Amino acid sequence: GGVGDAAAEVQLSWLRWAVLLLFSSYSLCNAFQWIQYGSINNVFMRFYDVSAFAIDWLSMSYMLIYIPLLFPVAWLLDKRGLRLIALAGSALNAVGAWVKLGSLKPHLFPVTVLGQVICGLAQVFILGMPSRIASVWFGSHEVSTACSIAVFGNQLGIAAGFLVPPVLIPNVEDVEKLAYHISIMFFMTAGVASALFILVIIVFKEKPPNPPSRAQASIQSRPTAEYSYMQSILRLLRNINFLLLMVTYGLNVGCFYALSTLLNRMVIHHYPGEEVNAGRIGLTIVLSGMVGALISGIWLDKTKTYKQTTLVVYIMSLVGMTVYTFTLSLGHLWVVFVTAGLLGFFMTGYLPLGFEFAAELTYPESEGTSSGLLNVSAQIFGIAFTIGQGQIMDHFGTKAGNLLLCSVLFLGTVMTAFIKADLRRQQANLENEQT
């Protein structure tokens, strides 16, 4: 029995692609709601008669809510499994979208804040899921690609959040007309979020009938009594390589969050009246990043060179950020599109790399816990960099603000070089195959 039986039972389920697509879709809807205010920051400032900082907080609320709630939700993921977390995430996302429909008057800014806070709660049930879904549902030779596709949905949502609001909501003077255009966006979002919640109820399953890999079979055959959630977190926090990755991931993704939140302000400062193109530049960053994410996922499945790939992508993120910083003010929009695309390809392409490298360094700990800790790091740095860069931009200009992000990425690159490639999940698969 034992290992032989586990090996015989390893089998892939066709349902894995439906589960992955559905998760990506409601993750997309949630990410769209994160950036839908920031991408037309100046329009919402005028409609609600609030400061730029207040609109920035609509994005930062997502980050702030995540930090205290990560551990309870990661514990729930371990104890109650994927289906409950998927139901909670998609339900909260729909509720938040409907609440926002009650904020279509200039004096109702607190209602839109409440809707955004509920959507921020939904995000806690979404962000840590990609590597867990990939491990529970996908085979060892497709797990990194699956994780990339799961992260893809979130990125596509941010892309839509940059593209759609400037198109649906023109910068008109008439407040009634503005409210009408905003209502169209809110209604569409609420309808899509509700449909996705219903699909999750019908389609989303806890796990496949058989484990998809030997590493997963080994985890599933382990007695429940052996597993302690607090012990798992303590083991992660004693893992030096994981701690280094946690900080470097936070630095990189925190820069991406700050850049996304403040992009509209940066572009409008240098190119007045170009709200739609500011959205398109954000779209370019994310779409090129999705290509980068998919390529890096396929590359990891083929080569398993986690450390080398992560370091190269980090260095190129730094190069991209530096080029973007010094070309933003040249006065040519097409140059900004090109440099933003280069930056996005590497900076956004880094997201699934971090999740997968963490899963390797921390096996057999829960992927929900390791990726959750990475996300907490990203949210903390994201808030700090968004506030810091916003203040620097107000006092010293956009170039000084972007130089802050360049210096942060340089620090992250140096720290990444010190991470040892201790690929435990890969080792477990190899040992089981040999046995």
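In case you wondered, yes, glycine gets a Cβ from its N, Cα and C as well.
Computed from a predicted structure; not experimentally measured.
Here is what TrEMBL records for this protein:
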type	residues	note
TRANSMEM	17-37	transmembrane segment
DOMAIN	19-424	domain 'Major facilitator superfamily (MFS) profile'
TRANSMEM	57-77	transmembrane segment
TRANSMEM	84-101	transmembrane segment
TRANSMEM	107-128	transmembrane segment
TRANSMEM	149-168	transmembrane segment
TRANSMEM	180-204	transmembrane segment
TRANSMEM	240-259	transmembrane segment
TRANSMEM	279-299	transmembrane segment
TRANSMEM	311-327	transmembrane segment
TRANSMEM	333-351	transmembrane segment
TRANSMEM	372-388	transmembrane segment
TRANSMEM	400-419	transmembrane segment
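Taking Cβ pairs closer than 8 Å, the transmembrane segment (107-128) reaches residues 26-27, 30, 33-34, 37, 48, 50, 54, 58, 61-62, 64-66, 69-70, 73-74, 77, 85-86, 88-93, 95-100, 154, 367-369, 371-372, 375 in its own chain, all 6 or more past its ends. Contact between the transmembrane segment (279-299) and the transmembrane segment (400-419) is absent: fewer than three CB pairs lie under 8 Å, with pairs separated by 6 or more positions in sequence. Against the transmembrane segment (400-419), stretch 240-259 shows more Cβ pairs under 8 Å than any other of 57-77, 84-101, 240-259, 372-388. When each of 17-37, 84-101, 240-259, 333-351, 372-388 is scored by its Cβ pairs under 8 Å to the transmembrane segment (180-204), the top-ranked stretch turns out to be 84-101. Confidence annotation: the domain 'Major facilitator superfamily (MFS) profile' (19-424) carries a mean pLDDT of 87 in the model.
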